Amino acid sequence: MQYSEIMIRYGELSTKGKNRMRFINKLKKNIQDVLSIYPQVQVMADRDRAHVYLHGADYQPVAESLKQVFGIQNFSPSYRIEKSRAALIEAVSQLMPTIYQEGMTFKISSRRSDHSFELDSRELNQTLGDTVFRTLPYAKVQMKKPDLELRVEIREEAAYLSYETVKGAGGLPVGSSGKGMLMLSGGIDSPVAGYLALKRGVEIEAVHFASPPYTSPGALKKAQDLARKLTKFGGNIQFIEVPFTEIQEEIKNKTPEAYLMTLTRRFMMRITDRIREERAGLVIINGESLGQVASQTLESMQAINAVTTTPVIRPVVTMDKLEIIEIAEKIDTFELSIQPFEDCCTIFAPDRPKTNPKIKNVEQYEKRLDIEGLVERAVAGIKISEITPQVQSDEVDDLIEGLL
Ligand code: ATP
Ligand code: MG
């Protein structure tokens, strides 16, 4: 028998009273985005569960995709059965011998949303339990924690059988906590920061600063590919490319070496905040981690943060590099992150950046610059694109083979 649908149970959102439907609709949209790489798959969601109809698509890859989506507690692949007593008996007697192992206890759990069905749930349990005994005379029933729970659901359109439960990613549906701007470089830390924000339901838009011709198209593509890696947790991501060349040249020409980094970072923060405001984001998220590099001392963080009162979330701030790398490997961004492409910050990086920048000095140096004009021109020049999940390369091979 082939799985025809996957029944999804919601996670933490069950507790969120009247926002429930909004949460569910977010999750439904996210699942649709993530599964958009399987064109025939269809997603439905109601108050209690969501349903993914496979329409012939392979169960395994779809399940792998679903396992990553935040907001899902667990899910069960199910067989669609014709809605009749005879068909159910036939299906149970076919299925049970393939999944039952000697010594196991079992239980049938039926529920029906179609109350016009010929058997009620108690009668269903009874009838199908008898079927099991007829097929497997030694099988033992156990109501509490049986080894095998065969679930039967009678819905409007058909009956469904399922027995497996696969653990989901947990967390909250992406977007259910509002939107934040993720400052996404090409490094190891910011994609991990983005992932952790997604986990708690923050929808992210990726803001990436590029300084062509000092930074290459390859560096830009790397950041976009990293954003694409993040789409598997909650769907499409808006990618915002900010032209940063003019600002970096201007700072380089007019600022003492030791303060280049601080001023550069303050501009990034101002611009990200401006974009956030225009696009109704609530917070800024970045990959700052304490003490890794000179720009990430607490003094430096304070000087950079001073340009805004918007909350800045730093999910990896207290993690060790190895802890961050462990997550980067888990979410499959590590290999991409360590590819050598020049970042706009490394190109203009001074040999010895100030580890304890003084705000008074910073403000003094910034007087030499047309801050408002520079910020405005950068914001006016942003390019926005929507990043969508991508079919894995081996799936592409299959697709091409299928077309030939
Ligand atoms: P990462 O590994 O994320 O690059 P890092 O350890 O290299 O971080 P920095 O280079 O000092 O640290 O950057 C700190 C944070 O500033 C980054 O995590 C990121 O959020 C932001 N940032 C740095 N460069 C860029 C950029 N070109 N575009 C967008 N954000 C950036
Ligand atoms: Mg970096």
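Including glycine, each Cβ sits where the backbone N, Cα and C put it.
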Listed co-binder of ATP (same site as M183, L184, H208, F209, R265, Q296, source TrEMBL) among G171, G218, G287: G287
Listed binding-site residues (M183, L184), ranked by Cβ neighbours within 10 Å, top entry: L184
Binding-site residues compared (H208, R265) - the one with the fewest other Cβ atoms within 10 Å: R265
F209 (ATP binding site): secondary structure state under DSSP, collapsed to three categories: strand
Residue counts (helix, strand, coil, in that order) that DSSP gives for the domain 'THUMP' (60-165): 37 helix, 31 strand, 38 coil
For F209 (ATP binding site), the number of other Cβ atoms found within 10 Å of its own Cβ: 26
